[in-house]
Amino acid sequence: MTRTTSRPLAGTGRLVRLALRRDRIILPVWIASIAAIAWMVIGSYEATVGGEAERMSTAAFAAGNPMARMFDGPAAGYDLGAMVMVESYQVLAILAALMTAQAVVRHTRQDEETGRAELLGSAVVGRHARLTAALVVALGANVALGATITAVLAGTGYTGAGALISGVSVAGLGWVFAGLAGIGAQVFSTARGANAAVGVGLGVAFLVRAVGDLLGDVAANGVAVVSAWPSWLSPLGWGQQMRPYYEDNWWITGLFLALTAVLVAVAVALAARRDVGPGMVPARTGPRCAAPTLLHSLGLAWRLQRGIFVTWLVGLVTMGAALGPMGESAEELISENAQMYELLERLSPGAGVVDLYFAFSMAIFGIAAAGYTVQALLRMRAEEVSGRLEPVLATATGRRRWLAGHVLIAAAGTAVILALTGVASGLTYGAAAGDWSVMGDPLTGALVQLPATFALGAFVLALFGLLPRLSGPLAWASLALALVVGQLGSLLDLPQWVLDVSPFTHVPLVPADPFEATPVLWLTAVALALGAVGFAAFRRRDLAIGA
Amino acid sequence: MEHVIQVEGLVKTFGSTRALDGLDLTVEPGEVHGFLGPNGSGKSTTIRVLLGLLRKDAGHARLLGGDPWRDAVALHRRLAYVPGDVNLWPNLSGGEAIDLLGSLRGSLDRVRRDELVERFQLDPTKKCSAYSKGNRQKVAIIAGMASDVELFLLDEPTSGLDPLMETVFQDVVREITAGGGTVLLSSHILAEAEALCDTVSIIRAGRIVESGSLTALRHLTRTTLHVTTTEPLDGLDTTPGVFDVRISDGGHTARFEVAADQLDAVIKHIGEHGVVALTSAPPTLEELFLRHYGDELATLAGNGNGNGTSNGTADDGAARTRGGRRRHADAGAAR
């Protein structure tokens, strides 16, 4: 009996069952959604590029086009299965990483934050049982996801090793991020901090492989890219280098397994060295009295929001600065390729290559900045659910004033992030190309996204007022929909009304196309209307009472 | 003068649960009004309706002459709220949280604030995430009590405080009422309410079952007498208004309870037997309370009965407790 106390994994099995019980809806929904995206990409690809000649030219375009290299990844031949995976891999893998990281954090750091872990720790539960159980569930979920993707591919006629490799390539990134989230959960004292660390990790992984693929060469066959060395530094790059239905690089599975093992070992070592409760970063003491800047509801909102804001600002401005100089490479690559130049001319007549480059990259930053908007607005829901809002609204602070403080910071924060990202891109492009004449282009391309991010934010605000319980999941789902529509919309051949649901569909492709006032005014009007609904609904509803 | 709080027929439902079921509550200026009931009886829901955080479904509620929902902001300038389970911003220090809540209300007495920090022995430089439950509670108490307002809504304010701090809290409440403030003190700690309250309301399942001044309520219950006499006491069992008699020492010592309206007759009866010693204990708030919750306790005690019999040493105490509880149950049923 006494031996139970020294067994570090005691109780793991029960905790795994508990985690599965808690996640019995969310994980299957994640897995089914990700698999559904793969299935839709297959269907649309078959419909649009049927003939071999068509596929060859599409693959050749993807191999030569710097934008496709950066945002999709390295082209890998003209087999349909290979093309489907090149097109969809990043979306599938990034979603898998988010699913995994959230699951790990939910069952580790979030439990410690809420005090549930303490209660569990007092039962017959070993020191490493909680982390182990979370990892077992997360790694297992990725096995299930990989198997589902393999089944979807095999079931639609893409059989053979490629189907299996495709599943492994997506699950592999999920495994790596399970390990990373495990470390984040030890280092940071809040679930938010741990999740943010994972987000930064994903951004870095994307950026590193984007550089590697951009600097790579077109293979001798003309329909594939040989990536440069930076792609091999990113686990997101590894998944793409597995090249299902083209090279079927089995051995890369070993890289995923090895990195996952190292990350898990680090997480376990960290867990063994710390107490339950605090993170590794020790709590500091604070001021005895509050500064005058804190003493109103806007001051409090800023204090609560500034961490989120600074994280996103640094992340997106860094990416903007990193993407700027690539505009020059894009220009060089395309000017050497007459056929591609013609294609781009058709896509947006009269637009310069650099203009197109900035228009496309700023469209991506628009959706990324909306991620900040959503997270900042959902902070309000967190305040409400945790019970911290209750004592505030019991003071002379009205609901409208409290809401206005957070909304103002989320809106202004989004504007600042987009503007500085655009400026950073313009500056680094100018420095790299020695051409300062287009300095303002990325800035206008970024700012024109603002009404669309506001419309999405206002939708979240309306959810917060009308359906507070569902506001979190629905807000993230709407952002994911905007991402899928923006990245895969034209490819998936989605009906126009589905495309129209995403506010980003309506943003003019500035600076490649001229600015159009009508859609921007419509987006602004929708944002104002939804925002008004949110304010009115929040004023009329019961407050959720914490704990 | 106008009532500070006036609630009539208040109803609040959450889905199929009827949290408040026609609640009436009146609090007069300058009093400490105890709002008593166990967990889940509707105390916090009532206070949250009074704060305009929840919307009432039916009934009437006035607070400081205003409508708690419509006039929330204006009313909140005139009241302070101390929740029973407070969650604070983990990245703010305790001092910052106190100043913030105070200034959001609009009236924080700096001198009083520093004095209370001192008296409650709170370290205001610690981050809220590092505070224990009791220390978080101190932050809420100081932020509420250091404000110069007319009404204090205290919802189980001392949960998590140690007995020493509990005494400090009681002193602070007395200072407030001495200064003319009105207090609604929700609690399930009866000793605390007994020490502080002028009037009490007992809530059960969303309704007030008993309300009045503590003195008046005591008249409704029984006094416990402990007597030693030179001659054996007889006829006690059959005397009207006498309950739960325990005779020992060959009839020379007796312990029993007397209904308030029969006290005079009973004392006369005892007087005929040569009283050597007599102590009387007034009814406690606990007894008042148990009259309304006696049936629940009887059920609980009944369940405990089977478990207790196997244990010989504990049985004596258990039997006495059970006897005591049953007695109240009977009284409750008789009413």
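All positions are counted from 1 along the displayed chain.
Every residue, even glycine, has its Cβ placed from backbone N, Cα and C.
TrEMBL does not curate its annotations; it predicts them automatically.
Per TrEMBL, the listed range annotated as transmembrane segment is A:307-326 (candidates: A:47-66, A:287-306, A:307-326).
Under 8 Å from some Cβ of the transmembrane segment (A:250-272) lie the Cβ atoms of residues 127-128, 131, 135, 139, 161, 165, 168-169, 172-173, 175-176, 178-180, 182-183, 185-187, 235, 238-239, 241-242, 280, all in the same chain and six or more residues away from its ends. Of the Cβ pairs linking the transmembrane segment (A:474-499) with the transmembrane segment (A:25-42) and spaced 6 or more residues apart, 3 or more are under 8 Å, so the two regions touch. Contact between the transmembrane segment (A:307-326) and the transmembrane segment (A:25-42) does not hold: fewer than three of their C-beta pairs are under 8 Å, each pair 6 or more apart in sequence. Panel annotation: around the transmembrane segment (A:519-538), residues 399-400, 403, 407, 448, 451-452, 454-455, 457-466, 503, 506-508 of the same chain, lying at least six beyond its termini, place a Cβ under 8 Å from a Cβ of the stretch. Residues of the same chain lying 6 or more positions beyond the ends of the transmembrane segment (A:25-42) and with a Cβ under 8 Å from any Cβ of it are 84, 87-88, 91-92, 95-96, 99, 103, 137, 141, 144-145, 148-149, 152-153, 156, 158, 170, 484, 488, 491-492.
Long-range neighbours of the transmembrane segment (A:447-467) within the same chain, counting only residues 6 or more positions beyond its ends whose Cβ lies under 8 Å from a Cβ of the stretch, are 362-363, 365-366, 369-370, 373-374, 377-378, 380-381, 403, 407, 410-411, 414-415, 418-419, 422, 474-475, 478-479, 482, 503-504, 506-508, 510, 515, 520, 523-524, 526-531, 533-538, 541.
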